[in-house]
Each structure stands twice: as C-alpha cells, then as structure tokens.
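The structure under discussion appears below in the form of structure tokens.
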C-alpha cells in the first residue's frame with residue numbers, strides 16, 4: 001500500500017507526517033483483532049477506490065474562519081451570509097470520537113482517496129466493535145418469493161420487441177383513487193419499454209335486440225334472468241300543469257286569443 005501523507009491537527013501547531021501500511025496496521029491492531037485486520041484493510045481499499053466521490057472544495061474567496069466562538073454547539077459546521085455572499089466555518093467546541101481520536105486526526109489531515117480509505121476503516125472498526133457486518137456484499141437480502149413472485153420470468157409479460165420475459169413493471173404516475181395508475185413495462189434485454197396488455201371488448205350493437213356481444217376468449221357475460229322492474233308512470237309535463245308558461249320568440253307570430 002502506498003504511503004498516506006497525514007497532517008495532524010492540534011490547537012497550536014500543525015505537523016506533517018507520512019503513514020505507511022505498517023503504521024496503519026499497528027494503529028488498527030489497537031481496535032480490532034488480527035483475524036479481521038487484513039479483511040478490513042482489503043475491503044476499505046476496494047470500496048474507497050470504487051465509490052470515491054470528489055468533494056467540491058470551497059475556495060478562500062467565499063470561506064472565512066469565524067472570529068468568534070459559538071456559545072452553544074448545535075452541530076452546524078457551516079453558516080452562510082446571504083447578504084454579503086460569504087460562508088463561514090464554525091470551529092467545533094465539543095470533541096467527538098475521543099476513543100478514535102488518532103484515526104480522526106488522520107482523516108482530517110488527508111484528502112482524496114486516502115481520506116476515504118481512512119473513513120471506511122473507521123466505519124469498519126465501529127461495526128466490528130458493535131458486532132455487526134460492515135461489508136454490505138456479505139449481507140444476505142431477504143427473499144420475498146414465497147409471498148409474491150412478481151419478477152419471475154415464467155409469469156412476466158413478454159416484450160413485443162425481442163419476445164423476452166426479462167421485464168419489469170413500473171408505476172410511472174399515480175392518479176386519483178377512482179382512476180388506474182399509469183403503468184409501463186421495461187425490458188432489461190433490449191432496453192425498450194412498452195404498455196401493458198389490455199383486455200379488448202368487441203362491441204356489436206344490434207338495433208333490434210340491443211345486445212352486446214363480448215369476446216368469448218376473454219370473458220363471458222352471465223345471463224340476467226332476474227325479472228324486470230315495474231314500469232314507472234310517465235311524469236306529467238310542467239307545461240300542462242301550468243307551472244311553466246310557454247315562451248315565444250319575437251320573430252314568431254303572436255298566439256291567437258281564445259274566444
């Protein structure tokens with residue numbers, strides 16, 4: 001492993017030192033056993049190089065150290081002045097991780113992949129202390145196939161483009177409670193998406209019988225043998241009852257008076 005250059009922070013001075021693989025092993029041996037040491041270092045090296053995200057560094061033009069000490073430490077490291085377009089870095093007043101102070105000072109003094117490597121080491125040490133697995137690749141996921149086997153290729157909807165059953169249903173948009181959601185299927189092989197199949201009802205209206213014939217292959221309509229409801233009497237016209245007066249257009253001839 002390459003040398004890791006560290007700048008250890010203190011209240012009055014800042015010293016620079018180089019930490020080799022031997023020094024890191026000696027430091028880690030204080031927290032973990034030798035049986036877990038090599039696996040932890042190998043895991044931290046792999047994950048730090050794979051998932052390294054370059055942090056956006058703030059320049060000196062918009063970051064200034066505060067000239068005052070905060071009365072109450074509320075855990076906020078940065079404060080922003082919107083009026084003057086400046087940001088201020090607050091110095092922490094409460095020391096944390098006293099048990100891992102040496103490793104935390106090493107993290108503060110490094111940058112880049114070396115800093116990420118030490119952060120993964122600190123995370124792994126804390127997990128080992130608590131007796132939990134730090135490597136997510138070794139954690140077995142819960143299988144829900146006994147409850148619902150949605151992504152089974154045997155029952156999946158085939159893709160109309162490549163005829164593959166390696167498809168996944170996705171809910172694109174949710175709507176009101178009385179409307180169906182917008183669902184699309186995505187094919188993992190040809191990277192195409194398509195609409196789910198729908199049941200089509202072939203309507204054949206007959207004027208004489210007013211019957212609707214559904215597609216027999218999809219569904220069957222059970223006959224309605226219940227007696228018809230009694231015919232209700234036709235309601236009286238409001239005009240005949242004199243409730244509404246007949247109106248005429250001004251271009252029409254006036255009605256004749258009853259003699």
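Heads up, residue numbers simply count up from 1 along the chain you see.
Just so it is clear, glycine is given a Cβ too, placed from its N, Cα and C backbone atoms.
Here Swiss-Prot flags 155-195 as zinc finger.
Reduced to three states, the DSSP call for residue 162 (Zn(2+) binding site) is coil. In sequence order, 187, 189, 190, 192 are the residues of the chain that are 6 or more apart from residue 162 (Zn(2+) binding site) and have a CB within less than 8 Å of its CB. Here Swiss-Prot flags 159, 162, 187, 190 as Zn(2+) binding site.
Per Swiss-Prot, the feature region 'Disordered' maps to 220-259.
The compositional bias 'Pro residues' annotation in Swiss-Prot covers 226-236.
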With DSSP as the yardstick, break the zinc finger (155-195) down into helix, strand and coil residue counts. 0 helix, 15 strand, 26 coil
Ten-angstrom check, please: count other Cβ atoms within 10 Å of the Cβ of residue 187 (Zn(2+) binding site), all chains counted. 22
If you skip the near sequence neighbours and keep only those at least six away, which residues in the chain come within under 8 angstroms of residue 159 (Zn(2+) binding site), Cβ to Cβ? 165, 166, 167, 185, 187, 189, 190, 192, 194
Around residue 190 (Zn(2+) binding site), how many other CB atoms lie within 10 A of its CB? 14
